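Have a look at the structure below, then the notes.
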Amino acid sequence: MGHFVVQGDLPWILCSLRLVIMIIAGKVSPTSSDALFSVPVPSATSSPPEVYLPATFKLSNTQLAFFLQENRAPSYGSQRGHPLQRSESFVVFQTKELPAVNISLGPFTQDQTLSKDLLQPSSPLDIPGRLTVNWKVRAFIVQSRVYASNPLVQVLFYIAGRDWDDFKIQDKLPCVRLHAFRDVREIKTSCRLQGNLAQCLAQLDLPSTWFNVNVAPLGRRKSSGTDGLELTGETLQVELYYTLHDPDSNDECGESYPRRGGPSRGESLSQQPLLRIGSISLYQPSQEQLVVDKQLDKNLFLRLPERPLKPGETLNIYLLLVPNSTVEQFTLKVKAKKGVNLLSTKSRSNQWRVEWDMQSGAKHSIATVEASKIKGVSGDMAGSIEIMQLDFEMENFTSQSVTRRINWNIDYRGQNPTSDAEKVVTELTVVQKDIQAIIPLSMDTEIINTAVLTGRTVAIPVKVVSIELNGAVTDVSSSVQCKSFNEDIVKVSMNCDYVFVNGKETRGSMNARVIFSYEHLSAPLELTVWVPKLPLKVELSDNRLSFIKGWRVPILPDRRTARDSDDDDDDDRKVSRGCTLQYQRAQIKVLTQFHTTSSEGTNQMITMLGPDWQVDVTELVQDSLKVVDGRVAELADRTVLVANELGSSTLKVESPLAVEAVLGETQFSVVDEKVSIVELRVHAISGLALNLQPSPGNSHTMVAKATGLQTLSTLKQEASFSIWVYYSDNTAAPLSMYDPKDYNLNGTSADDKVVTVAQQPQQRWPVIIAEGEGTGDIVHVEMTISETCQKTKRKSVIASSSVFVKVRFGTDEDSEEDMEMETEIDTRMPANTRRPAIDSNVGGAGYEPSNEQPASVPIDYTNFPTISNPEEPTEEDEEDDEFVHSPRSMTDLEIGMYALLGVFCLAILVFLINCIVFVLKYRHKRIPPEGQANMDHSHHWVFLGNGEPLRTQSDLSPQTVESPSNTLEGVQTCCHGDHHSSGSSQTSVQSQVHGRGDGSSGGSTKDHGEDASSPTSKRKRVKFTTFTLPTEDLPYNSIPIANEEDIQWVCQDMGFQDQEELHDYMRRIKEIA
């Protein structure tokens, strides 16, 4: 009876549960039936693909400039990109004019020139109307030691980084003021930068008071070397600084060459900061000239001046005896080359007698000097004794300088101690001019070695000038010799006119040296050499390329036939009409850092621009990019990786100089997997805006920010598209990366009064033309398979999307306001994609397609338009053109709701199974209509009525002890009444009683003599008993009665008092059934 109540209320229960499930699902699911897949929530384990405005950036009017990329990765969860914006950092190293940044996207281009203030924030070399971004003033001290006998300070200034062929601004160069400080005293002078080298020599005469008595006199050098002086006591230091200032009204510096220092009258103090040059040492002059000693043997040595000689000058050379020597006589032979004449020889000691004889030849002159000690004359044996003085004359010559040699030989005439057999040679330098020093000047002080990447030599011109005592500056570049200190860092040309790198260098240096020599003088040229860090960092936008489901492309002759699959089980791979599935493509970017070693010799690496920046060198090495296995992939447009067939390979950057040398590489694979297009994001672009600004935190770098505009402000104005394709493997790529021959892009307008869509012959994609004002998702774009790959029954649409369009005509002021608003990006752009089906075999990480709003604007996922699906595909189309959706991670709320929903579904399923089992059992227990011969099972019938029963109670049921579960006894116990119904139905009952399946009637076990434990006795334990009404025309009904407890529950629950009430209740049950 209870089962009937549940069965009758089952539809109401199912409807209630259904309503509850729909309400719960509506709270956690989007309103659109497809939005659950099209707008997933952000995943906690994967970030969305980075998108940007796919515009092309270029730098022009530069000699050396790079785009940059920051090493610092964006913080987790931050907005990684915007499809209508793109920012690129860049740096300009060398330029002759103001650089310009160009951006282009489709038919739109935008150029902007960098302002001088942006490129050159502040510089003391600022010249009105001229660009001096690379200019640097360099200063060289001619002599670091100044003697009181010649207290002249000379400093050479020149501008490095300036083009030496630029003669237009020589008259606009500034003045340089030299400051000399000793304690609190200061003197200064000025000179004007001029000439093609933009150089000048500043000279200062130091006051004699600066050379005080505290300075120790010079000592003599006892060694024959020329490395330096052995000075006694401490020396005084003078600090040198410089400032820049403009010329006066007379185009002069005001302090041409003031001797004895001091500012000019009426001159104001310099407002420029003092820039340090270095320091010089002051020395008190001695009574003797600066000389050098040259040892002849263990007994005798020569003393001669160290300075260069002038033509016609007389040279005095002294011969001395070492202390405690026992030599008493010797013969000195002097052999001099042509140009050096021995004028005279005289004794310098009263202890020695000197005689000499001269013999002149064509090439040489030989003098023989006899020296003997005078007996009886005593002297100081503890000190050195000057024996004689030899005077030589330097003849005139025509060259700039010459070197004269004199050979010395001592003969003791057989007396002890014996003489040394080796001859001693002294070299004398004779110069036409009194040159103080030579100074190498390079046009720039730094070399960025891009030759390692390109194979093209990078060279810097070099000039060498000589500085004379009188202040003359002479170019001696054609007469110098040169040599690189380390050719693994920098090299120098054979003519010494430039230094260069050719790509074979292995390292850099902060002080790379090239030595230049001129006559007896030499000087180093110091440079900073930057080299790229190897291996290069080769980046791919996607290093795992897969098939794109549903996108078929023609097999061109240059495409690999291996892409054609013969697998008949995979219909999407089967090729018909010469077509195959498209592969994903990847964008290539090559990055590096330029670095050098420190000047301290510790091999500490110093990175150009700091460790936070990487330099984009893709344009430099794009000709050296190569795929190792060309069958797997190839390059398109030199920077796009195109897959050809399955496999793994390496993309490498080959060295342009060394065979089989690799500068950098990265691995990639073309896998036998399929990804689907989960979103086609399309934006209408009506123009481009470009903004240039300095990079925050770095004064050398700048940022170019491009923004795509959306508003159409004039009639017939055209707009193009910016399209990104999102894949189910959590990657995205601009559609412009793919060949336009591999797809068709069609656009339609929902309102031709606002915009129309037309295909221009010169344009890759359709264009939007403004016809009237309006806003909304007016344009619908479909991406279809190329015509050669379409099938007659195959749906060719790969993906589709609605495009947000805004047309507003107005004045120029309104347009400027729109530009400002569009710079902040319109957040109402939709992203719709056609997705016919879901393939559970292809999966990937979740992504966040709607990443278009700024961080401060929340995203309303429920406002996305419904998915465009204009026609229902056939079963064959769905099977062939099936799309894949990317599984995504769910939030905790969704996991909980879906778990609860699953429990409800499981409970409903269990309930339905229980009902089905019950119905099946119930149908098997029905009594067939009258006339049916037999039944499969025997039943015991309980008669309710006023007539006599067919059998007695003992015949209808077994004894209680034999069958405790006797059904009739259960009725007696429950109802406490007679076993007769209120109607006369004896005949009817008798006609409805049938025998058992074995042919016997339903009697007790006693009548048949069966044992209670026999298998047949179990057939008497009937669960259901059927009662029939007296009229045979009425349909029969059955009453299920389970056991005694069930019957007691039904009787007590219904509260029947007599048999009439029970009969009425049974009639109602029949009507309900």
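From the backbone N, Cα and C atoms, a Cβ is placed for every residue, glycine too.
For reference, Swiss-Prot has these:
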type	residues	note
SIGNAL	1-33	signal peptide
TOPO_DOM	34-899	topological domain 'Extracellular'
CARBOHYD	N102	N-linked glycosylation site
REGION	246-270	region 'Disordered'
CARBOHYD	N324	N-linked glycosylation site
CARBOHYD	N396	N-linked glycosylation site
CARBOHYD	N746	N-linked glycosylation site
TRANSMEM	900-920	transmembrane segment
TOPO_DOM	921-1073	topological domain 'Cytoplasmic'
REGION	952-1024	region 'Disordered'
COMPBIAS	952-970	compositional bias 'Polar residues'
COMPBIAS	982-994	compositional bias 'Low complexity'
Mean pLDDT for the topological domain 'Cytoplasmic' (921-1073), as a whole number?
46
For N396 (N-linked glycosylation site) and N324 (N-linked glycosylation site), what Cα-Cα distance in Å is obtained after rounding to a whole number?
41
How far is it from N324 (N-linked glycosylation site) to N746 (N-linked glycosylation site), counting Cα to Cα, in Å?
111
Take the C-alpha atoms of N102 (N-linked glycosylation site) and N746 (N-linked glycosylation site) and report the distance between them in angstrom, rounded.
29
Number of Cβ atoms other than its own within 10 Å, given for N102 (N-linked glycosylation site):
16
Using a 10 Å cut-off, grab the number of neighbouring Cβ atoms around the Cβ of N746 (N-linked glycosylation site), all chains included.
15
